[in-house]
Amino acid sequence: MSELSVNHLLGIKYITEADIQLIFETADHFKEVINRPIKKVPSLRDITIANLFFENSTRTKLSFELAEKRLSADVINFASSSSSVTKGETLIDTVNNILSMKVDMVVMRHPNPGAGVFLSKHVNASIINAGDGAHEHPTQALLDTYSIREKLGDVSGKKVVIVGDILHSRVALSNIFALQKLGATVKVCGPKTLIPKYIEKLNVGVETNLRKALEWCDVANMLRVQNERMDISYFPTTREYTQQFGLSKAILDSLNKEIVVMHPGPINRGVEITSDVADSKQSIILEQVQNGVAVRMAVIYLLASKIKS
Amino acid sequence: MSQKVLLNATEINIALNRLACQLIEKHDDFSKTVLIGIQPRGVFLAERLKTLLESEYKIKDIKLGYLDITFFRDDFRRGQKPLEANKTKINFIVEDKNVVFIDDVLFTGRSIRSALTAVQSFGRPLEIELLTLIDRRFSRHLPIQPDYRGRQVDAINGEKVKVCWKENDGEDAVYLVKN
């Protein structure tokens with residue numbers, strides 16, 4: 001197979017295992033490209049991509065922008081804080097205005113779940129979901145699973161625990177879908193208040209003891225505590241959270257095996273993960289960032305190949 | 001569908017030896033020269049030539065790389081079939097080197113145009129030459145010609161030239177295929 005089954009990347013839920021494998025194989029080629037002296041290829045010379053960020057983001061936005069530029073696409077950027085959205089313009093109007101400037105693809109982050117799906121039904125452009133509320137963040141899940149595949153050779157059969165704020169995390173949901181599609185077993189671990197009630201319906205185990213979860217897993221994916229999304233207190237204090245769910249060198253050293261440590265960033269150093277763990281050999285946090293560009297190049301390239309002039 | 005043999009195994013072998021000798025005349029001991037096989041099918045020819053130069057003509061340390069041109073093609077999004085990438089493997093510097101591109105068939109010239117752009121990602125060669133086993137001389141879309149050719153073929157556009165290699169297709173042969 002050399003073509004994606006979808007015209008948009010709205011979530012991992014909507015794509016197949018074969019799609020994920022194709023994205024990985026294409027990303028392998030782009031990884032080679034971005035390690036060349038000249039890191040740019042002219043494939044997307046005639047494509048215009050709009051990055052619409054209705055919510056703050058640093059690394060995802062930079063990573064997408066870099067991926068687009070390395071494929072030679074024309075890029076326009078939009079941040080809602082400095083736009084007419086603050087004057088009351090609707091999502092459809094904003095996007096239609098941008099599309100009348102002949103944009104072929106839209107990369108969108110939006111605080112509302114389902115914004116990408118909504119948009120894909122109303123506009124004639126390829127949509128890539130760069131995070132919609134607490135719903136999905138497909139490219140993050142792809143780069144996470146790609147990094148696991150790179151580090152451990154295969155995702156199938158591996159045990160992965162996702163630790164922290166599952167309730168507010170779009171990364172968790174997309175990761176669960178991607179890992180399960182590739183044949184891994186997934187557990188979540190965190191304070192009960194931060195674990196959604198539906199989680200067991202997704203065939204995901206729940207563990208509230210970090211040590212037990214770590215003893216079980218091959219990979220620990222630590223999530224950021226999303227203080228900005230918490231309007232009520234889900235746990236007593238940050239200090240208590242760190243004591244129970246923070247990953248420290250001491251816990252890692254006390255395990256009888258070496259596990260792979262991941263974090264989608266940005267890290268709250270000393271909260272969900274200590275500095276010495278974040279910078280240790282077991283951590284693949286920086287590889288995740290590097291793979292992010294290659295994986296996003298692959299997604300954009302494969303979707304662009306379906307846009308016919 | 002019918003097919004006609006253009007070159008059999010012996011004729012291919014003769015052509016390869018002649019091409020090797022032509023390369024030696026120009027590039028001597030290959031100390032300043034690198035061979036680059038164009039993916040996917042130029043690689044077989046490039047490997048054959050390298051082996052021949054090393055075993056028959058005792059030239060040592062010939063540098064051979066593979067260049068994938070998929071991301072540099074100008075027909076991305078225009079074909080019915082999506083393009084599939086291959087591996088690029090160039091473990092040496094092309095800066096100030098004499099580069100010889102090697103491909104099995106020269107048809108429209110578009111692959112070579114892409115290769116000329118792609119190789120720039122690895123540095124600025126001193127000179128670039130082109131070696132092809134088959135030159136379909138009346139099919140060119142671009143002003144590109146080979147410096148070394150195994151056989152010139154006058155085929156019409158509906159016809160296809162198929163190059164088979166022992167290591168990949170089980171035999172050494174070149175066919176002209178008519179639909």
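From the backbone N, Cα and C atoms, a Cβ is placed for every residue, glycine too.
The domain 'Aspartate/ornithine carbamoyltransferase carbamoyl-P binding' annotation in TrEMBL covers A:8-150.
For A:R59, A:T60, A:R109, A:H137, A:Q140, A:G265, A:P266, the entry in TrEMBL reads carbamoyl phosphate binding site. In sequence order, A:T60, A:G131, A:R170, A:V171, A:S174, A:N175, A:P264, A:G292 constitute the residues six or more apart from A:Q140 (carbamoyl phosphate binding site) in its chain with CB-CB distances below 8 Å.
Same-chain residues at least 6 positions away in sequence with a Cβ under 8 Å from that of A:R224 (L-aspartate binding site) are, in sequence order, A:G164, A:D165, A:H263, A:P264, A:G265, A:P266, A:I267, A:N268, A:E272. According to DSSP, A:R224 (L-aspartate binding site) is assigned to coil rather than to any helix or strand. What TrEMBL records for A:K87, A:R170, A:R224 is L-aspartate binding site.
Summarising the annotation, TrEMBL assigns domain 'Aspartate/ornithine carbamoyltransferase Asp/Orn-binding' to A:157-302. Mean predicted confidence for the domain 'Aspartate/ornithine carbamoyltransferase Asp/Orn-binding' (A:157-302): the pLDDT average there is 90.
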Proximal but sequence-remote residues of the same chain as A:R109 (carbamoyl phosphate binding site) (Cβ under 8 Å, at least 6 apart): A:L52, A:F53, A:F54, A:E55, A:S57, A:T60, A:K61, A:A130, A:G131, A:D132
Extra residues within 8 Å (Cβ to Cβ centroid of A:R59, A:T60, A:R109, A:H137, A:Q140, A:G265, A:P266), carbamoyl phosphate: A:S57, A:T58, A:S63, A:A130, A:G131, A:V171, A:P264
Least surrounded among the binding-site residues, given as A:G265, A:P266, when other CB atoms within 10 Å are counted: A:P266
Residue among binding-site residues A:R59, A:H137, A:R170 with least C-beta crowding, 10 angstrom cut-off: A:R59
DSSP-derived helix, strand and coil totals, residue by residue, for the domain 'Aspartate/ornithine carbamoyltransferase carbamoyl-P binding' (A:8-150): 69 helix, 27 strand, 47 coil
